[in-house]
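Asks: Copying in the features that TrEMBL gives for the protein in this structure:
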DOMAIN    1-58  domain 'Link'
DISULFID  CYS9-CYS30  disulfide bond
DOMAIN    59-154  domain 'Link'
DISULFID  CYS106-CYS127  disulfide bond
Amino acid sequence: AWTEGLDWCNAGWILDGTVHYPIINSREPCGGRLLLPGVRTYGARDKQKDRFDAFCFTSALQGQVYFIRGHLNFKEAAQACHSHGAALAKVGQLYSAWKFSQLDRCDGGWLADGSVRYPITTPRERCGGLPDPGVRSFGFPSKEMRTYGTYCFV
């Protein structure tokens with residue numbers, strides 16, 4: 001993916017249990033400006049204790065990701081998706097919708113892993129302020145917080 005232009009400043013698991021992140025444009029928050037472009041590594045990590053995103057591969061999205069607006073905690077978000085005949089979207093499904101369907105939404109929403117993220121295809125100042133498109137993350141907030149919508153998959 002790095003050879004095709006993936007520039008991602010968030011570390012993620014790969015199949016062998018190691019953690020990496022691909023960088024095309026060297027910059028301070030991603031290992032520093034002096035390092036050459038490449039795949040940075042954290043090496044092997046503890047699969048039970050450490051939390052990172054995962055790098056997954058898919059060539060197409062088999063289904064649809066959509067957003068439900070609201071101020072929902074995690075349980076309410078899952079119920080909202082279920083009431084529409086859907087399930088909370090997985091991280092990989094949101095990434096696929098962003099990559100293959102150009103999903104662009106400046107609203108954080110719950111995902112099945114308990115994280116809150118949002119996909120941006122057209123970067124803009126009032127939506128994270130970062131210059132590159134991508135799926136932004138708010139991390140893993142308390143599941144009882146009532147401040148997010150939800151991304152569903154059907």
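In case you wondered, yes, glycine gets a Cβ from its N, Cα and C as well.
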Asks: Rounded to a whole number, how many Å is the Cα of CYS106 (disulfide bond) away from the Cα of CYS30 (disulfide bond)?
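Replies: For CYS106 (disulfide bond) versus CYS30 (disulfide bond), the Cα atoms are 23 Å apart.
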Asks: Using the alpha carbons only, what distance in Å do you get between CYS9 (disulfide bond) and CYS127 (disulfide bond) once rounded?
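Replies: If we compare the Cα positions of CYS9 (disulfide bond) and CYS127 (disulfide bond), the gap is 17 Å.
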Asks: Measure the Cβ-based neighbour count of CYS127 (disulfide bond), defined as the other Cβ atoms within 10 Å of its Cβ.
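Replies: The Cβ of CYS127 (disulfide bond) has 15 Cβ neighbours within 10 Å.
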Asks: What whole-number Å value do you get for the CA-CA distance of CYS30 (disulfide bond) and CYS127 (disulfide bond)?
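Replies: With the alpha carbons as reference points, the distance is 20 Å.
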Asks: According to DSSP, how is the domain 'Link' (59-154) divided among helix, strand and coil residues?
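Replies: Helix/strand/coil tally for the domain 'Link' (59-154): 21 helix, 27 strand, 48 coil.
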Asks: Take the domain 'Link' (1-58) and count its residues per DSSP category (helix H/G/I, strand E/B, coil), listing them in that order.
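Replies: Secondary-structure composition of the domain 'Link' (1-58): 6 helix, 17 strand, 35 coil.
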Asks: Minimum Cβ neighbour count within 10 Å among the disulfide-bonded residues CYS9, CYS30, CYS106: which residue?
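Replies: Minimum Cβ neighbour count within 10 Å, taken over the disulfide-bonded residues CYS9, CYS30, CYS106, occurs at CYS106.
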